[in-house]
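Structure, as structure tokens:
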Amino acid sequence: RYLRTLYLGLQSRWQAEHRRRHFYWRMMFESADISMLRLLETFLKSAPQLVLQLSIMVQQNSIDPLQGLSASASLVSLAWMIASYQKVLRDSREDKMPMSYKGAVVQILWHLFTIAARAIAFALFASVFQLYFGIFIVTHWCIMTFWIIQGETDFCMSKWEEIIYNMVVGIIYIFCWFNVKEGRSRYRMCIYYIITLSENAALTVLWFLYYNRETTSDFNALILVCVVSSSFALGIFFMFIYSCLCHPNGPMFGPQAGGCIFRQQPAPAPASPTDAVTSPPRSLPRTTGGERDGAPGERDSCVPVFQVRPCAPPAPAARAPRTEGPVIRIDLPRKKYPAWDAHFIDRRLRKTILALEYASPTTPRLQYRTAGAPQEVLEYETTV
């Protein structure tokens, strides 16, 4: 995948002018795919190792320098990958404002302290109740997985692949919040952190009541309890800082920036055809609820996994003229068909788009049936 990203980047430099943008966006989405896979790999490997190392430190009541360095590296890698993926994903979407480096740093601190509190609470409880800790982890993972499945994500191309993907994301939900659905995320995030706070408090209190007082003094035990509570409080503090001051859509109490989804598209110039988002083709994302009714997005919604929405560019006049290419006309309103039927339709579109990409020098366009004028949108075909 790294080699393919490098190849697409070189092609965006070497190709003719009308093809450069096509390869550039394919490179950006390939980079987002890589970041997603690295994120899953990090939580499947570094997160369990972090809890194991912290649990050994608590049982031995000592910290080896190399062991402490390894645990710190695992913790930083978890927070770094979440912020890195969110930034790369926003950079790869024209309908979202890019995340600034200041916002990325604040998001790293947000996840760093919340994951640290979560991992320390896990390690404290696991050092005393090994069996019950395993039962707790499996139960929490099952509840989070069912919660994600109920949200009807649309990352994969088949029902069972989607369920497997939701099970993997459920592992991330054991340690931190990770948005996988477009739309309002404020209430879902509040529910998640209320559950997390309750679990951290319960695990830490149970450990404090039953820890081995021969190896750990009361003063050290009190310090560990304070570390868990203060770390979680700092994480929530930086979460509010990010949401209120560093969000890409603008401050919560100030003027909002553009880039939100489902904004009203301006009328095209009389001399030019209907414009479209200049992104490479992609399989169609599903929408439910308010999105099917045309509800606008909110500023507090985080970027979910690989969903591209039509959005008006900030400066249409500065864009290069579009080269006409093949048009795939769909005799259905966009995203009005049932959720699981979308997998069948998307697979047929995927094959058609791939065939037209190699047969035509220009990117194919998708045109849906609408009540008014035809609405065209270019969608990216993800490689995952």
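Each residue, glycine too, has its Cβ placed from N, Cα and C.
In TrEMBL this protein carries:
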type	residues	note
TRANSMEM	104-125	transmembrane segment
TRANSMEM	131-151	transmembrane segment
TRANSMEM	163-180	transmembrane segment
TRANSMEM	192-210	transmembrane segment
TRANSMEM	222-242	transmembrane segment
REGION	266-299	region 'Disordered'
COMPBIAS	289-299	compositional bias 'Basic and acidic residues'
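Sequence-remote contacts of a segment are chain residues at least 6 beyond its ends whose Cβ falls under 8 Å from one of its Cβ atoms, and for the transmembrane segment (222-242) they are 58, 103, 106-107, 109-118, 120-121, 124, 193, 196-197, 200, 204, 208. Here the transmembrane segment (163-180) has long-range neighbours at 39-40, 43-44, 47, 78, 82, 111, 114-115, 118-119, 137, 140-142, 144-145, 147-149, 151, 153, 155-156, 188-189, 192-193, 301-305, meaning same-chain residues at least 6 beyond its ends whose C-beta is under 8 angstroms from one of its own.
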